[in-house]
2 protein chains.
Amino acid sequence: MKMQTLAIVAAGLMATTVQAEPIQIIEPAVITEPEKVELGKKLFFEPRLSKSGFLSCNSCHNLSLGGVDALPTSIGHNWQEGPINSPTVLNAKYMLAQFWDGRAADLKEQAAGPIENPKEMALPHDVALEVLRTIPAYQDEFAAVFGDQGITMDTVTDAIAAFEETLVTPNSRFDQYLAGDKNAITEVELEGYELFKANACSACHNGPAVGGTSFQKMGLVKEYITDNPELGRYNVTGKESDKNVFKVPTLRNIELTYPYFHDGSVWDLTEAVKVMQEVQLGLPLSDEEAEKIAIFLKTLTGDQPQITLPILPPSNPNTPRPAPFK
Amino acid sequence: MKMQTLAIVAAGLMATTVQAEPIQIIEPAVITEPEKVELGKKLFFEPRLSKSGFLSCNSCHNLSLGGVDALPTSIGHNWQEGPINSPTVLNAKYMLAQFWDGRAADLKEQAAGPIENPKEMALPHDVALEVLRTIPAYQDEFAAVFGDQGITMDTVTDAIAAFEETLVTPNSRFDQYLAGDKNAITEVELEGYELFKANACSACHNGPAVGGTSFQKMGLVKEYITDNPELGRYNVTGKESDKNVFKVPTLRNIELTYPYFHDGSVWDLTEAVKVMQEVQLGLPLSDEEAEKIAIFLKTLTGDQPQITLPILPPSNPNTPRPAPFK
């Protein structure tokens, strides 16, 4: 009986190996609450959610730049140097948790953090809420979307998350390939994909976002040398074994989201593949093979969200004023 | 003969007083070179035209915020405090010159300044050009728009100016009123407009942009007290009589472009009207009248440009990297 069960499982695994792809197609966003999404978009671009009145979510998750700032680590209030590379907001809904260390369970929980983080937007939540509550257009929009729940951090982050849920990048050439169009990628790109699988990159970089499905140690087979002191998952769990463990980043739009890794130390994609091979896998990989994997990875660039820039309602005389230089 | 001439002039002035309005309707932008405008839009949102890779034209001329940053003075590279209030880019094409002191003749000349200004985007022009020249998509777009002129500061600023030319705000309620729809503004708003004219606000704030047609001394009848050391037009001409002379700002979208004046010292529109009355005109104006003028001024908010956020092409490994913290 036990042998029989094992045989069935083994057969199932073999079938999986033969047929299933480690990467799944992502679908275009289906917007069921357009007013909430529109409000969330305004808040995403709202610099008055920062102490300076100058920084918004879009400052570090720039939707013109693949949802990142394309800097090693971010610039925060008063030009403070951030501790870690800004992860892309694109396809972030597919992540098992948010932030590199996964300390936020979901997009909604994530959105509250940077607003009040003194190294990021540096605005206490109570002031952020007062800003929004003193602006009649926001009062009206929150009432329309959230009824008598009003303007709270709960509704603010709910709206931002609803907008971020729409930030997916379907229709990459690789998705077209997965959907059956075998001509959507070139022979070299396909070779790169085969190498990606054969070298176990897909052991961690899998699922619809080609990542974001697990936490893994950075430096699995060889220590990863970095000046960046961040300890990753250890911050959340306090477990020794979680030191240098980070959420596996998405590889979708990786062509746009340089520089790479949590420390933003590598700018070139082929070099990033080689570093991964060295510290995570330890498998032999020639320069040519690394190059082919990088070429494949560029097929993961999807349709970027088409965003009409929101027009933000003006402050009132009683709206708390920005304090950029205090 | 001389008497006769004077009589004709006087009759002409009376006719003007009776018939002509000091404010002209602005028309929607007519785009004749869409590819150039689209390229200019990319450059307007391009943070790689700054040393940090973080600041773009849109940082201080934010098209979500009426074309300004809504700060007293702007934030530049390394969080430096700018010397003067950021003027709106909206309807800037109607200005007789650019910058508060008019040191740039036109939008094209203006666009070159902030890129290399060490207190603003802080990127030498040669590096800015190298950034663009190393990005194939920009090479292609410049070739399509400018032929063999290539990527030069001349073509870069030409494209940015072409985009900025489109940033007009037609169809304000006051424009509808001027076009003949007498119900487009309320009775109080019309009273405000009559006060605006009767109190000679329109002596300087006139033309399609309701300003931008002349340079005037700030503190015409009474010294304007400010901590801001800027001397305005004197910077350009070196003439003693040009000290504290500034370009008259546009009043279109003034509801959105607080805080007011070149020093950004006043946040409330009614208060700004009172300050103007005091230092420029010296005419008696009650609080109620100032309030009515402010109410009228809010009818000048026009349709804001609908901007689809550009998707910027990725850097190449040989593209000069941003240096935010150096």
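Keep in mind that glycine also has a Cβ here, set from the backbone N, Cα and C atoms.
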Which one of A:67-86, A:287-306, A:307-326 shows up in TrEMBL as region 'Disordered'? A:307-326
Candidates A:M95, A:M121, A:M276, the one TrEMBL lists with A:C201, A:C204, A:H205 as binding heme c 2: A:M276
From the DSSP assignment alone, can you count helix, strand and coil residues within the domain 'Cytochrome c' (A:187-301)? 49 helix, 10 strand, 56 coil
Residue from A:C57, A:C60, A:H61, A:H77 whose C-alpha is spatially nearest that of A:H205 (heme c 2 binding site), among the binding-site residues: A:H61
Integer average pLDDT (0 to 100) for the domain 'Cytochrome c' (A:35-143): 98
For the binding-site residues A:H61, A:H77, A:H205, work out the Cβ neighbour count at 10 Å and name the residue with the minimum. A:H77
Distant-in-sequence Cβ neighbours of A:C201 (heme c 2 binding site), under 8 Å, six or more positions away: A:V273, A:M276, A:L281, A:I293
Around the recorded heme c 2 site (A:C201, A:C204, A:H205, A:M276), other residues with Cβ within 8 Å of the Cβ centre, ordered by sequence, are A:F196, A:A200, A:S202, A:A203, A:G211, A:V248, A:L251, A:Q280, A:L281
How many helix, strand and coil residues does the domain 'Cytochrome c' (A:35-143) contain under DSSP? 50 helix, 6 strand, 53 coil
Which residue counts does DSSP give the region 'Disordered' (A:307-326) for helix, strand and coil? 0 helix, 1 strand, 19 coil
